[in-house]
Amino acid sequence: MIEFYIVILGMIVMLSFLVFELERPEIILPSTLLLFVMTGVITPQEAIRGFSNEGMLTIGLLFIIAGSIQNSGIVDHAFKKLLNRSASRKHMLAKLLFPISFLSAFLNNTPIVIAFTPLVKKWCEDHHLSPSKFLIPISYATILGGTITIIGTSTNLVVHGLLLDSNLPGFTFFELGKIGIPITLIGLCYLIFFSSSLLPERRSRPVNIESLREFTGEILILDDFPFIQKTVEQARLRSLKGLFLVSIIREDETITPVSNTTLLKAQDRLIFTGDITTITELQLHKGLLLQSNGGSSFPKHHQLTEAVVSHHSSLLYKKIKDTNFRSRFNAAVIAVHRQNQRLKYKIGDIILKPGDILLLATGTDFYKKANTNDFYIAATLDKTMITRKQTLNGWFSVVLLGTMILMVTLGYITMLTGMAFVTMLLLSLRIASPLQAKNSIQWNVLMVVSCSFGIGYAMIDSGVASFLADLLMQASKPFGLFAIVIAIYLLTNLFTEMMTNSAAAVLMFPIILEVSNTLDLNPTALAVTVTIAASASFATPIGYQTNLIVYGPGGYRFKDYLKVGIPLNILTMITTVILVYYFWL
């Protein structure tokens, strides 16, 4: 009985840490798993079973294959041509969303959104349209498309692996498509016809200070600044368009708020917040120098690049000056934007959080070093050219993936065998290098999901899964089978807004197993429900990482996701429940 209370307490603490972002998920979940092992709730063998699960190994290999296609540049190149031929807003949405959702059925959603965000922003600027009308629909389209095949998202493969681990038949390649295709078609029609009226009209260069997306930048006063020992007002630092002087850092003293009569001294560090264009133009004034992280120099031949800190970044909750940014990425952080918060610190002292937007001065080899999961490239001034070799490599990877899918669908090979063979070919033919393969794998995701398996076993062994399943059935059984499926969907959806999608599915899996055994239901029906519900995260920017990627570049607020996402959540839930009942119950 003591194990029951240990697991309940451990789950409450774990969820609290995840919800309030007190630490990174890849630290919270292993710590929880370690607690359950040390207290004897599960054995060490159960704790590490997730690391050898077939679904987990398949996910790791899929990251490499998808990364090979994405790195070739053929997807970006194709969509640049598509954008050049688009005209009206509705026409553009239709031409974008359908191919994007198709792509995301076979490739990882995250790089797709990363690739299209800067392309769409540039197209919007050229056509005098607001990017905010397009970026959320793009994110949602990839989420919907990911529900069509077993490799559409890592969540699909995780649940497939859990079914096999429980000696149950896993998903066939297109089995989820029975639900995924209808919800994708319904969702895309909703986005094309209704999202424009629900989303805000926010231009990329707003005209008034209230609507500006505020970056925080740091300017150093040099000895030759003509206004040393003059006031802030005399130096005309109060009348800068779209800019606000937040604080002055003088040795170990921070002056905030800054009055008009404050005298300026050499080596003062001026902390500005506001329009990044104005901040960068300040260094054109004699005696003012734009600072980067920790005062490090800019890379030679640098360009400006905008990047979003990911939920899985190794940079999270560290001061910028402690991240070795310059040496790791050949880039310097020159400004930071955090939604709904005005930062008052030196650039180097800012502690990074998920969703922070970094303005980077990047060197020539930045993109080679930045092929990591630490941040997503949201915008760049670079105009990269795709070589013939890259094109051939990209199409060869696509053909390999297509052949593998056909062989798996026809039942000639297993998913894991097919993925392993394709990966081996890509590496042996040097289409993907070992370094690219390593960087393509989202190790943080694998760690979180692997540990979630052990936590799932703890829920089963301690009786917590049975307890929660009984509660769920008692609350919904009087209203019929539909109510039980809806309750499972809603509970999974709630979990997925608080933690990673795959972790939510893993935690719900032991509960649905108990429900299916007790009520003698087809476990595949409830597994499909959990899989779709874990991916269908539309209502918040934190529920799915693609939502977070477009959060800053689109200039969105939290309520924008609620306005567009809640109706889509309801549509997806209703469609899923009806089709699950029709096909499996």
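In case you wondered, yes, glycine gets a Cβ from its N, Cα and C as well.
For 204-288 (among others), the entry in TrEMBL reads domain 'RCK C-terminal'.
Here the domain 'RCK C-terminal' (292-376) has a mean pLDDT of 71 out of 100. Residues or ranges marked as domain 'RCK C-terminal' in TrEMBL: 292-376 (among others).
For the transmembrane segment (6-22), the list of distant contacts is 28-29, 32, 35-36, 39, 41, 353-354, 455, 458-459, 462, 464, 498-499: same-chain residues at least six beyond its ends, Cβ to Cβ under 8 Å. Taken from TrEMBL, the feature transmembrane segment covers 6-22 (among others).
According to TrEMBL, the transmembrane segment annotation covers 27-44 (among others).
Taken from TrEMBL, the feature transmembrane segment covers 56-75 (among others). Using a Cβ-Cβ cut-off under 8 Å and counting only residues 6 or more beyond its ends in the same chain, the transmembrane segment (56-75) has close neighbours at 50, 103, 107-108, 111-112, 115, 151, 154, 157-158, 161, 371, 384, 386, 390-391, 393-395, 397-398, 400-401, 415-416, 419-420, 422-423, 426, 431-432, 436-437, 439-442, 445-446, 449-450, 453.
The transmembrane segment annotation in TrEMBL covers 96-120 (among others).
Annotated transmembrane segment per TrEMBL: 140-164 (among others), in sequence order. Here the transmembrane segment (140-164) has long-range neighbours at 53-56, 58-59, 62, 96-98, 100-106, 108-109, 112-113, 170-177, 179-181, 183-184, 187-188, 191, 405, 415, 445, 449, 453, 456, 501-502, 505-506, 509, 523-524, 527, 530-532, 534-538, 544, 546, 564-565, 568, 572, meaning same-chain residues at least 6 beyond its ends whose C-beta is under 8 angstroms from one of its own.
If one looks beyond the transmembrane segment (176-199) by at least 6 residues along the same chain, the residues whose Cβ comes under 8 Å of a Cβ in the stretch are 89-90, 93-94, 97-98, 101, 105, 132-133, 136-137, 140-141, 144-150, 152, 156, 528, 531-532, 536, 560, 563-564, 567-568, 571-572, 575-576, 579-580, 583. Sequence annotations record features per position, and here TrEMBL assigns transmembrane segment to 176-199 (among others).
The transmembrane segment annotation in TrEMBL covers 396-429 (among others). Here the transmembrane segment (396-429) has Cβ contacts under 8 Å with residues 54, 57-58, 61-62, 64-65, 68-69, 72, 74, 106, 149-151, 157, 160, 172-174, 437 of the same chain, all six or more residues outside its ends.
Counting same-chain residues at least six beyond the ends of the transmembrane segment (441-460), those with a Cβ under 8 angstroms from any Cβ of the stretch are 7, 10-11, 14, 24-26, 29-30, 32-33, 36-37, 41-42, 46-51, 53, 56, 59-60, 63-64, 67, 110, 154, 158, 162, 165, 312, 314, 373, 466, 468, 500, 502-503, 506-507, 509-511, 513. What TrEMBL lists as transmembrane segment is 441-460 (among others).
What TrEMBL lists as transmembrane segment is 480-513 (among others).
TrEMBL lists 525-544 (among others) with the feature transmembrane segment. With a threshold of 8 Å between CB atoms, the same-chain residues lying at least 6 positions outside the transmembrane segment (525-544) that come near it are 109, 139-140, 143, 146-147, 153, 155-156, 159, 162-163, 171, 175-176, 179-180, 183, 311, 354-355, 485, 488-490, 492-493, 495-497, 501-502, 504-505, 508-509, 512, 515-516, 551, 556, 558, 561-562, 564-566, 568-569, 572-573, 576-577, 580-581, 583-585.
Residues 136, 140, 144, 178-179, 182-183, 186-187, 190-191, 194-195, 198-199, 481-482, 485-486, 489-490, 493, 522, 524-525, 528-529, 532-533, 536, 538-540 of the same chain sit 6 or more residues outside the transmembrane segment (564-584) yet have a Cβ under 8 Å from a Cβ within it. Annotation comment: TrEMBL describes 564-584 (among others) as transmembrane segment.
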